[in-house]
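J.: Have a look at this one before I ask anything.
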């Protein structure tokens, strides 16, 4: 998005793969520095970022309809409703019904961010309420505002094929240039870049906590390194920078072209989708009346909601693997490699489980001794009998017992 803005400002500038790699690496390093900070600082940064994102979306929803220059281009101010609601732009070789389902792919990938609250639950107070509340708020607000933005785009876009084929390489930037002045488009792009930076930092933060959790269970090679909690920040700094290193290594796929990058990103949507659904499916299909609800639960609607969720995922998993073209147009470059990339990696993991991991993995380990919530814990016989809360001047509290 930043390089697209640079190309808009200076049409003679053509970003190269090296420029993209260096810029992305720089941003990832900045994200890692921020994610290495103490939990209290991270909370403030993410609160500010979330607030900005919300306000930025509201601003964009107002700016685009108010600032569109479609009339100056000889067009009506907005696309007629009959065309918006009565026309399906297929964009693929599949029938319209399948095309509609395939259009969910981008939304699924985007909405997967609601996993962050439970990745950070160990650093929350009252996590069994705060985490699900954050998930509900994130998915609801994101869904409503995202739908509103889609409507705004549908009513103002001029030429969809031109947006997709734009040399800018960023469809949103190309769309803005179709219906707005350059200054207005750059203003909205600036808001988008800042919002994207904030979301990227949140992804780095969540990824580091996932890495820490797996390393704590000794799943990774070198887990003793990745599960170390920095004694000053009380955060898994090693896991942050381990993720940054792997991320920068993966960025080298940029030099392999769109096929290599597409193969990597194709895993994101389906992997997150399936990982979210597995515990829901277990609860619906196997646990039954043995389920013990927490303080935040769906009550009598739990089974119904879980069944609908699992059914939708079962429907969408094959769709996520469809290529955009069929027949003679289907080549190695146009193929959707999701099934191979995700299926291949899962096959290796399953083989690893049956060959080795099932012999030593015994489930998640107690975490109180790792000091992941910004306080020191006194652990006796597998129980946290007292805690030293940094936010309370080092006072010792014993109002909570956590069993290992």
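The backbone N, Cα and C atoms fix where each Cβ goes, and this holds for glycine too.
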J.: Of the residue ranges 69-89, 216-236, 237-257, which one carries the transmembrane segment annotation in TrEMBL?
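T.: Going through 69-89, 216-236, 237-257 one by one, TrEMBL flags 237-257 as transmembrane segment.
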J.: TrEMBL lists transmembrane segment for one of the ranges 263-286, 359-382; which is that range?
T.: 263-286
J.: With a cut-off of 8 Å between Cβ atoms, can you find at least three pairs linking the transmembrane segment (237-257) to the transmembrane segment (20-39)? Only pairs 6 or more residues apart in sequence count.
T.: yes
J.: Counting Cβ pairs closer than 8 Å, which of 20-39, 51-68, 263-286, 337-355 has the most of them with the transmembrane segment (175-199)?
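T.: That would be 51-68.
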J.: What stretch in 20-39, 263-286, 298-325 has the biggest tally of Cβ pairs under 8 Å against the transmembrane segment (337-355)?
T.: 263-286
